[in-house]
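S.K.: Just dropping this structure here.
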Amino acid sequence: MYTLVLLRHGQSLWNLENKFTGWIDVDLSDQGKEEAKNAGKAMLEAGITPKAAFTSYLRRAINTLNIALDTMNLHYIDVFKSWRLNERHYGALQGLNKKEMVKIHGEEQVNIWRRNYDVPPPPLPKDDPNHPCNDPRYKHIRCQDLPSSESLKDTLERTLPYFQDFIAPTLFQRGCVLVAAHGNSLRAIVKYIEDLSKDEIVKLNIPTGIPLVYVVDDNLNIKSKRYLADEETLKKAIESVANQTKA
């Protein structure tokens, strides 16, 4: 059996301000740093010892991973970073407050942008300084391969090859891996290993800073699944994500 741990980054500064973040590289809030530390403690208490870890190119995920590993005294394990684990790109919505967008466009339209499976938000122009084509961390990637906006479907198509080609083989080789990433890139992995439908995945909310632990067999069949949190804490965290566009 193999242990796969998925960890959505702790609360970011823009989570706190309820803004669309996407590929904008904001850091963790103080609460987010505490969530990352608590995630490390929860894994320690559960006897989970990752042998390798994966994260995105964005500091809120990287710092969540670093804090969690440091808490576990596992700062020395191999860490692999990939842009394919980045959050969904929210295009021209990045930096805008979700509730303000509801006032302008209506809750239905904003929820379509947030939650519809295959409808991307308005794109970010390629000459915008925040476009990934203009960011040196992506200079090794062809501009045409970098997103200006993404639907959840687009995010899945970006993330899954990396999971299949790198994360899963490392899991089978080392026995236990930790993936610290983002709500939508993690939803891509969850959809794949749980074989969820489009309707099921758009309704799934992954809370910040709470490890989701799968035990799987050689074929990624799930033998057990659990969040490392008590029921009340988990419920509040999931509701917090679900209510981001509600007045």
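Here the Cβ of each residue, glycine as well, is placed from N, Cα and C on the backbone.
According to Swiss-Prot, the protein has these features:
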ACT_SITE  His9  active site, tele-phosphohistidine intermediate
ACT_SITE  Glu87  active site, proton donor/acceptor
BINDING   8-15, 21-22, Arg60, 87-90, Lys98, 114-115, 183-184  substrate binding site
SITE      His182  site 'Transition state stabilizer'
S.K.: Out of these binding-site residues, Gly22, Gly183, which one has the fewest other C-beta atoms within 10 Å of its own C-beta?
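M.R.: Counting other Cβ atoms within 10 Å of each of the binding-site residues Gly22, Gly183 gives the minimum at Gly183.
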S.K.: What is the Cβ neighbour count of the residue listed as 'active site, tele-phosphohistidine intermediate' at a 10 Å cut-off, with all protein chains included?
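M.R.: So the number of other Cβ atoms within 10 Å of the residue listed as 'active site, tele-phosphohistidine intermediate' is 31.
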S.K.: How many Å separate the Cα atoms of Gln11 (substrate binding site) and His182 (site 'Transition state stabilizer')?
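M.R.: Answer for this pair: 11 Å between alpha carbons.
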S.K.: At the Cα level, what's the spacing in Å between Gly183 (substrate binding site) and Glu87 (active site, proton donor/acceptor), rounded?
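M.R.: Rounded to the nearest whole number, the Cα-Cα distance is 7 Å.
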S.K.: Looking only at C-alpha atoms, tell me how far Lys98 (substrate binding site) is from the residue listed as 'active site, proton donor/acceptor', rounded to the nearest Å.
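M.R.: Between the Cα atoms of Lys98 (substrate binding site) and the residue listed as 'active site, proton donor/acceptor', the distance comes to 16 Å.
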S.K.: Any same-chain residues 6+ apart from Trp14 (substrate binding site) with CB under 8 Å of its CB? Would you list them in sequence order, or say none?
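M.R.: Those within reach of Trp14 (substrate binding site), by Cβ under 8 Å and sequence separation of 6 or more, are Phe20, Thr21, Ile24, Val26, Gly95.
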S.K.: From the Cα of the residue listed as 'active site, proton donor/acceptor' across to the Cα of Gly22 (substrate binding site), what is the distance in angstrom?
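M.R.: Their Cα atoms are separated by 5 Å.
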S.K.: Are there residues of the same chain, six or more positions away from the residue listed as 'active site, proton donor/acceptor', whose CB falls under 8 angstroms from its CB, and which are they?
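M.R.: Non-local contacts for the residue listed as 'active site, proton donor/acceptor': Thr21, Gly22, Trp23, Ser56, Leu58, Thr155, Ala181, His182, Gly183, Asn184, Ser185.
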S.K.: Near Arg88 (substrate binding site), which residues of its own chain have a C-beta under 8 A away, given they sit six or more steps off in sequence?
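M.R.: Gly22, Glu150, Ser151, Leu152, Asp154, Thr155, His182, Gly183, Asn184, Ser185 - these are the non-local Cβ neighbours of Arg88 (substrate binding site), listed in sequence order.
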S.K.: Looking at the recorded positions Arg8, Lys98, His182, which one has the fewest other Cβ atoms within 10 Å of its own Cβ?
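M.R.: Fewest other Cβ atoms within 10 Å, among the recorded positions Arg8, Lys98, His182, is found for Lys98.
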